[in-house]
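*Asks:* I have a structure here, written as structure tokens, and I will follow up with some questions on it.
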Amino acid sequence: MRGLPGHERRWTSDTVSSGKDLSGESSPGTDSGNISGFASEEFVEVILDLQDDDTIILRSVEPATVINIDASDPATGVGIGGVSIETPASLTSTSGTRSPTMRRSTSNKLRQFSQELKAEAVAKAKHFSQELKAELRRFSWSHGHASRTFSPASFFQNAVVGTGNGVDSALAARALRRQRAQLDRTRSSAHKALRGLKFISNNKTNGWNEVENNFAKLAKDGYLYRSDFAQCIGMKDSKEFALELFDALSRRRRLKVDKISKEELYEYWSQITDQSFDSRLQIFFDMVDKNEDGRIGEEEVKEIIMLSASANKLSRLKEQAEEYAALIMEELDPERLGYIELWQLETLLLQKDTYLNYSQALSYTSQALSQNLQGLRKRSPIRRMSTKLVYSLQENWKRIWVLVLWILIMIGLFLWKFYLYKQKSAFQVMGYCLLTAKGAAETLKFNMALILLPVCRNTITFLRSTKLSCFVPFDDNINFHKTVAAAIVTGIILHAGNHLVCDFPKLIHANNTNYQKYLVNDFGPSQPQYIDLVKGVEGVTGIIMVILMAIAFTLATRWFRRSLIKFPKPFDRLTGFNAFWYSHHLLIIVYIVLIIHGTFLYLVHNWYSKTTWMYLAVPVLLYAGERTLRFFRSGLYTVRLLKVAIYPGNVLTLQMSKPPQFRYKSGQYMFVQCPAVSPFEWHPFSITSAPGDDYLSIHIRQLGDWTQELKRVFSEACEQPEAGKSGLLRADENTKTSLPKLLIDGPYGAPAQDYRKYDVLLLVGLGIGATPFISILKDLLKNIVTMEEQADLVSDFSGNSDMSAATSEQPALNKISPKKRKSTLKTTNAYFYWVTREQGSFDWFKGVMNEVAELDQRGVIEMHNYLTSVYEEGDARSALITMVQALNHAKNGVDIVSGTSVRTHFARPNWRKVFSKTLTKHANARIGVFYCGAPILAKELSKLCKEFNQKGTTKFEFHKEHF
């Protein structure tokens, strides 16, 4: 019989009068034919789970009332479509002493079956009854003797009273649980198990051929030594685990060796890659069962937990191995025999999903993907190209019109100068080389002015809040800055190249007649030599600019700024943020020299024709004004450090007082300077406090020399942790050592500050990249609490019949403007995905995660933590970690990895499934995807946004943080 997913059907045993009855055998020791003896006999209620694949799982057997199929005699019970419920008087009379199941009324049973049973239940009942009778008959025969002396009810009674045969009762109880576990293992659960306990990940090795090649490299005298086993099978990162695996496989063969032959290696490999779940389970059991007695004690469980924790780089879990070993024993050994067996370990592995129910909202299946992507008909190549073109225009129209306008301006300036110099007499000698050089020079003047505008951060921050943000992509200001820099490099090559290798040689080699006729008014009566042109004001200033810009542009590239290129000392100082920061200040000299260069021109003599200063005047003044504003504002924003903490992963948290005039939005950042480290360097950091907080906070991870020195300075000011407290270095206002002075400047706009525009948020942070979104989560949480308070206020007001009370509450309601209500209700859901490599990283924002879990009763915010140091679910190295995680959360409500109520997932997220889930849950919504982290994931997320935007009406808009 096919049942509805997620529902259960309940059947009870009955007298077996004919094969037409859907019944199970009565409990051992009862007379199935004696209906009048219900008061003295014990019947069971069998709870079955009917799966979609027509398999049946026996969940429990409890005392219950009697139900018959195909027996609708009014004299004996009430029938429902072939199902009758008998309620003997004897059972009714004893209901007061029976369990809650026994006290269920007939009306409750009628309601339950009317809701759960479908028409197909009656049609398939006869067939199912035969299978169930046979299964229960086998169950009764196999445990008849044990059940006569030990019933489920009598076991617990004996346990309380403490009579006699405690060990026998415990063994009988375990035997009963084992029988149930065997019935519970169906085809569906076995199929799920095939995905678990994999010793070799598919992406780690390409099968036996690669292992064979590794053997050839590592073998000595034709044997592979135990110490090289991990590297040979592709488990180099989990050497301890691999060595235990080697020992377990050797023990099964009664071998105690330190080396194996190629043939033995092949046998080992065949076993650990066996597709049979039972085979893999036995190997895992053997790894734990080191004394080979077929039983696992608590100490052995502790050892394998420590081994798994070490393989997954979970140092804290290793420290708490004893506690979690006791937790597993408590769950699997309720009889307290002191050991567990293979079948109990199997039960825990197969039923771990039951304990993970708390995270079902976090682990969405791929069904959503199939629902959204199935049925998409294949389109012709022309149709696909046109769709992509339309989408690209819709997605990038802001960038396109800005770039097109910029390119058209450069083309116009180039052509204007090109034709202007074509009319000059110098063209007759220098030719088109002169025209190209002058056209490029005009674009250089324009771009040298334009490149300053995207880095006028205060101006950009202001413009973000205006209507202009609807037409100009201010989020791409840094990218546009880099694009203009590339155009400047191109212009320099054209301008300087044509002068040095083309028109200068033509000038010095021109015959005297042409020189006197066309160039004497520009270069004087004496024809210059090449060195005269180079050492002149124009030549010297040009060379100086080229050298300084080459240095600044080179050190600003990603390879140098991110220290991707390694140099030996002392040249290592040429890489990193400091090299970028200081080299960029060379451009101040470049602009001064550029004005001089544009004043002393060979072919232009009228001052109003020398336009370089005209291009630069406004941008240079604007940028200089911003730098001046930063200087004075940093002195105006006096802050007092309130709290300092240094977390695992070399993360420094600074909490400081909030200046009264410092107003910011969630997602924005500010610049920080510490004179004790450097009196000149300013570094940007995302603000992690919410706008409503009465303090400012930032989280700084040690990545470069400045952050390293900053951490050292504050570490010296921090106090050592007291005994019994967390091992964090902390300092506050009461610390005896004075804290270093800190200067701030900002706030400055960032893409994440526009999160309120979207119906749904998808926030993705890698490591310290989570910082821009912590402030957003805090702000959302505050809005949630405010919204609930407003709803309660409105509810109290509407339900209050007292006019005086209503009058007193009316002003409070009037304060809630429609505009404010609309802004708080705009974002309906937020999904935060935090991916990190280290377990200690979760301490950074532990308080925020607990606060969200406690206050977000409506489930507006979903938090997803991913720890990439742990092997993915299904890997044998993380199997026990997953079990402990599930058990501990089911019992205590706390995740063992993060220390919060938010479950930690292992390995990396499947981003396609994440997008599919979000698409399914929020059809026709505008979803903002905000990302902060490594560029490689940004490309994947951007690509997925484009892909899913072409599938339906839901729109994903991707934004990446730039500093």
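A Cβ is built for glycine as well, from the same backbone N, Cα and C atoms used for every other residue.
Taken from Swiss-Prot, the feature Ca(2+) binding site applies to D289, N291, D293, R295, E300, supported by sequence analysis. Feature annotation from Swiss-Prot assigns compositional bias 'Basic and acidic residues' to 1-12. Feature annotation from Swiss-Prot assigns domain 'EF-hand' to 276-311. The feature domain 'Ferric oxidoreductase' is assigned by Swiss-Prot to 438-595. Annotated domain 'FAD-binding FR-type' per Swiss-Prot: 634-754, in sequence order. Under the heading transmembrane segment, Swiss-Prot lists 400-420, 436-456, 483-503, 536-556, 584-604, 760-780.
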*Asks:* Under DSSP, is R295 (Ca(2+) binding site) helix, strand or coil?
*Replies:* coil
*Asks:* Give me the long-range Cβ neighbours of E300 (Ca(2+) binding site): same chain, 6+ apart, Cβ under 8 Å, in sequence order.
*Replies:* V288, D289, K290, N291
*Asks:* Neighbours of the Ca(2+) site D289, N291, D293, R295, E300: Cβ within 8 Å of the Cβ centroid, same chain, sequence order.
*Replies:* V288, K290, E292, G294, I296, G297, Y339
*Asks:* Under an 8 Å Cβ to Cβ limit, what residues of the same chain, 6 or more beyond the ends of the transmembrane segment (584-604), are close to it?
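*Replies:* Those are 421, 424, 426, 445, 448, 522-523, 536-538, 541-542, 544-545, 548-549, 551-552, 556, 610-613, 616, 620, in sequence order.
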*Asks:* Pull the DSSP breakdown for the domain 'FAD-binding FR-type' (634-754) and write it out as helix, strand, coil residue counts.
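*Replies:* Split by secondary structure, the domain 'FAD-binding FR-type' (634-754) comes out as 20 helix, 43 strand, 58 coil.
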*Asks:* Over all shown protein chains, what is the count of other CB atoms within 10 A of the CB belonging to R295 (Ca(2+) binding site)?
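*Replies:* I get 16 for this one.
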*Asks:* Validating a neighbour-count step here. Other CB atoms within 10 A of the CB of N291 (Ca(2+) binding site): how many?
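*Replies:* Cβ-Cβ neighbours of N291 (Ca(2+) binding site) within 10 Å number 10.
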*Asks:* Name the secondary structure element type, per DSSP in three states, that contains D289 (Ca(2+) binding site).
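*Replies:* SS state of D289 (Ca(2+) binding site) = coil.
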*Asks:* Would you say which of the binding-site residues D289, D293 has the most Cβ atoms within 10 Å of its own Cβ?
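*Replies:* Per the Cβ count, the most surrounded site is D289.
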*Asks:* For E300 (Ca(2+) binding site), which of the three DSSP-derived states applies: helix, strand, or coil?
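*Replies:* Assignment for E300 (Ca(2+) binding site) reads helix.
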*Asks:* Mean pLDDT, the domain 'FAD-binding FR-type' (634-754)?
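*Replies:* When the pLDDT values over the domain 'FAD-binding FR-type' (634-754) are averaged, the result is 82.
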